[in-house]
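Below is one structure; the comments refer to it alone.
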Protein chains: 2
Amino acid sequence: MAGTASTYDKALSDFRELDRKIRRYYEAVSLLSWDMRTGAPRKGLDVRSETVGMLSSEAFQLATSPLAGELLEQLEEKEAFNQLGEIDRKLVLESRKNYDRSVKIPPKLYEEYVVLTSQSESAWEEARKNNDFAAFQGYLDRVIGYTNQFIDLWGPKETRYDTLLDEYEPDMTVAELDGIFSSLRGELVPLAAAIAASPNKPSRSFLEGHFDREKQKEFSRYMLGQLGFDFEAGRIDESAHPFQTTINLKDVRITTRYLADDLTSALFGTIHEAGHALYEQNVSPELAGTSLCSGTSMGIHESQSRFWENTIGRSRPFWQRYYGELQGRFPDQLRISAEDFYRSQNTVQPSLIRIEADELTYNLHIIIRYEIEKMIFNEGAKAADLPAIWNEKYREYLGLTPPTDAVGVMQDVHWSAGLFGYFPSYSLGNMYAAQLSDTMERELPQTWELVAKGELAPIREWMTQRVHQYGKLRTPKEIILGATGKPLDSSHLVKYLRDKYTDIYKL
Amino acid sequence: MAGTASTYDKALSDFRELDRKIRRYYEAVSLLSWDMRTGAPRKGLDVRSETVGMLSSEAFQLATSPLAGELLEQLEEKEAFNQLGEIDRKLVLESRKNYDRSVKIPPKLYEEYVVLTSQSESAWEEARKNNDFAAFQGYLDRVIGYTNQFIDLWGPKETRYDTLLDEYEPDMTVAELDGIFSSLRGELVPLAAAIAASPNKPSRSFLEGHFDREKQKEFSRYMLGQLGFDFEAGRIDESAHPFQTTINLKDVRITTRYLADDLTSALFGTIHEAGHALYEQNVSPELAGTSLCSGTSMGIHESQSRFWENTIGRSRPFWQRYYGELQGRFPDQLRISAEDFYRSQNTVQPSLIRIEADELTYNLHIIIRYEIEKMIFNEGAKAADLPAIWNEKYREYLGLTPPTDAVGVMQDVHWSAGLFGYFPSYSLGNMYAAQLSDTMERELPQTWELVAKGELAPIREWMTQRVHQYGKLRTPKEIILGATGKPLDSSHLVKYLRDKYTDIYKL
């Protein structure tokens, strides 16, 4: 039975209120979790974890409640839906997607899965330490098994792996990604080989030394100010692993880690997290307090962190402007030129470990993982098969063979935690960043002069206009098409890397 | 109809679970509030307040839900209650008290009151700034009016004001407090006058100067360690106004404020808050996660902060031990002896402002407020009457007449916020501390030798044994009787003050 106009109004206001209430729970959960990672007393952590679990579960129950289902049904009626504004429509669509995804998994199955992944992560940690893949293999097979059950419950898309991809990068498909990644791989493998063969290698030796942590801290804050991070709507703290978290639209936090023997780790870490934070701080206030008030996907989010870290932060004009500032703080250690510093931050070297990889070979690490994940879910590869597959691909794409599984197939936590379909986001981020940057250079022809002068506001504003403001109001595909006029392709990243490294390595 | 044994078991486990859930909400609320006061970004505070409000309201709704009422009724049945252990019995009694108190206030009335007190606090702030009592008077009368309605709904005890007292100090009565305060006042007024007349005044002039904030911070942390604050179950931060907050039993936080031109403000502030924290950190783990896991009353809590701040922290043996440590950090500023430092921290001087008062005259400020609060609720005094009453009492007890209402009747925030019955806690704290200390000196005859050696653990452990461990399992009266063998009286505080200041001022 169709409702009346006033039923719809009531449903809409109840629906908004429910969404807002769920967001408030997540605000609390985010802050409690942030606190656990930035200095909560050790002995209180067990109780805290339970409190986080309780509040998350309350939010989950609200989002999957019969009331949520009824309100969605009422608002999805054609007459009601047509009357909704743009934001409310999107809110209904997003909530429906999450609702269906959640209610399709029986609670008991999900609980088993949570317990399993927790055990599996511990097993992975231990197995990696002992370089004992056999001890981890059974867990991995079981995590894969549960993930396959979820795919069945959610309903497989074009391929089974598409169902997983869609969780992190909505509407991304294997068909599309196969094309993009195979052309990217085709270009990068020979380019990496040419770089490896070049005799013109940047020196990194000066990077050794002692770098006062307080001075690093002060420079990180200075840099955040330069990037346009709003300190009245965010803060920076320290944690073992850097991260960005959003408490609310005007409370966006990042962390970094200052190492006394490594100047650039915290520096680029800060710039990277600032990229995420600028995205979150600049979502349109119209979306404040709704579940649309956040980055639209992992890939687009990563495009923002990598744009600032690599495209801008590892560019020559950037260090023409800022090297003096850095050198002024570390005059005894930095006895080299701005140009040599710039080159040192752009070395390319095939390596075994993803998280230590440079911006070029990083993509090959990702493509390997993508291909293996497809084999698991679309071709039935088992955990036992993975070490051999892994090593063969590293030999083929990076010219290296891992001496142990610990630095090979077991290096990442993701699979042990059930995060399948997540890895592609990192390379998508690089490609989105390059494609956005290509358009920006045309629409803002003085881009690099601005960078060289440290006038970064117009660049940030361009990104806010094209990306940040929309939050989840637009899908990744809509964002990239709207901003650049065409769908994602890998050519801009290839061109960016080829131009940059041909120059640096004098290819 | 009486339930069966298994009904009671079910009721008990449901009741415990409900209590635990409410505590988890308060853990979140406490952390969110702590964060707001220690560095949350300014622009995110409005949303944060709403989130705190939402979570508090969820907790309140759980505590006053029909389910809570039903479970209480089941567990209060004689057969069920008799089977309960000590902790569960007390939990039922406490929950019943809070339940009744809460459900007797109609939600609409309470909402009006929350809005009123928020407006009233703002009005007070403005009126105090402009020294314009007339602008505040109407608000104060309305807050008094609502409080009177609450008294009627809760049901007046022996006198109407008793109902308010009981909220902060359970089982404390006007009859008892009148006796205690009148004898205290009778002793302190002439003692303060004798001190004022003494020519032997400690000098405070050396306390001026610049004191590096980082060094102060380091000394505060050192001092916390000496007092036995568990840094793995707590932390110290900075905030505009020092406070202690309990997130959970093993996450107890304090704050302080470091002033570059005042060495002792942060120092004694830290010791004071540490006293509160030691109480909260040392509640018995058996009470963890229940609503009994906190200090039993405002007065007993204040006894712990004041015991460490004044009885120990302003004692001669304490500075015999620690003055060298302090002087070592500020050698240029502290060119005086330990004895002179000790004396400087124990000056007595009648003054107009409560929060700046010394440990002796402080009690007179409290007695004045207590007498006025009684006049309001038991004798119908109106806001318009208060400035004259206030000034007359200050003249009589402290020998001073406030030149303005801003430094007179309007100096405290409490009344504007509806906190009537709260002030006595401060002096109760002083008296409890003195009475506990008197027993401690007899049971632990080497108390002051230990202090002089910096061996504070036995002192802390004595307090844990007699006070801390019980949390809310015992009432204030039970605590003080159990620890000292007699009910509270003012003689120990009088003796402590008389002995100490006769010596210092050579009376």
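Cβ from N, Cα, C; glycine included.
No curator has checked TrEMBL annotations; they are predicted automatically.
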- Item | According to TrEMBL, which candidate in A:Glu238, A:Glu302 joins A:His272, A:His276 at the Zn(2+) site | A:Glu302
- Message: What is the set of residues, excluding A:His272, A:His276, A:Glu302, whose C-beta falls within 8 angstroms of the centroid of the C-beta atoms at the Zn(2+) site?
- Response: A:Gln244, A:Glu273, A:Gly275, A:His301, A:Gln304, A:Ser305, A:Arg306, A:Trp308, A:Glu309, A:Gly429
- Rounded inter-Cα distance in Å - A:Glu273 (active site, proton donor/acceptor), A:Glu302 (Zn(2+) binding site): 10
- Chain-internal residues near A:Glu302 (Zn(2+) binding site), provided their CB is under 8 angstroms and they sit 6+ positions away: A:Ser425, A:Tyr426, A:Leu428, A:Gly429, A:Asn430, A:Tyr432
